[in-house]
């Protein structure tokens with residue numbers, strides 16, 4: 001539920017890096033999402049302040065990563081496609097994850113005699129992670145980091161439903177109410193973004209029609225002067 005704050009973090013960092021334009025109505029919408037997430041966190045049956053701080057930190061770092069990806073894929077003079085971007089980013093991820101794994105997880109695995117490395121499970125997991133990263137790079141390159149995170153709210157709903165129905169995790173009415181408020185804010189952003197894209201496409205078509213008309217007039221004028 002705290003991941004619903006991701007659009008807020010991405011928008012704020014995008015404005016900071018000048019990849020998003022600051023708009024008062026958009027910021028008000030983001031504040032409403034934050035308010036809904038705060039209600040959802042307050043209604044958590046097993047609230048842990050340290051866990052909340054870790055999750056908020058993860059949201060901030062993930063938002064920064066996505067904005068950086070958008071800069072790499074869309075900045076002028078930089079010709080990185082999704083595959084090339086993964087070629088450079090993946091080794092960095094390996095190094096940064098390998099160090100904490102050696103000191104945190106490896107000793108636990110070493111002391112657990114029942115641990116059995118399943119190549120099928122780990123291989124499938126690795127393939128899914130690669131496909132996910134490729135899809136993220138493609139979507140961010142075609143749209144923006146903010147659009148990707150807003151679309152991910154649907155995934156969060158499915159995750160909550162899975163946790164409640166399969167894992168039997170506790171979901172309180174206050175949780176659902178707070179996340180519902182956040183979801184409405186995200187839905188409104190989706191609607192506003194779609195309308196803006198439609199208006200931009202309409203302006204583009206009008207501009208192309210005007211250029212075509214001017215070109216035809218110039219051709220006719222040229223033909224008249226030849227005659």
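Every residue gets a Cβ built from N, Cα and C, even glycine.
The shown structure was predicted, so the numbers you read here are calculated from the model rather than taken from an experiment.
Among the ranges 26-43, 206-223, the stretch that TrEMBL annotates as transmembrane segment is 26-43. Of the candidate ranges 85-104, 119-139, 173-190, 173-190 has the most C-beta pairs within less than 8 angstroms of the transmembrane segment (26-43). Distant neighbours of the transmembrane segment (85-104): 69, 72-73, 130, 133-134, 137; these residues of the same chain sit at least 6 beyond its ends, with a Cβ under 8 Å from one of its Cβ atoms.
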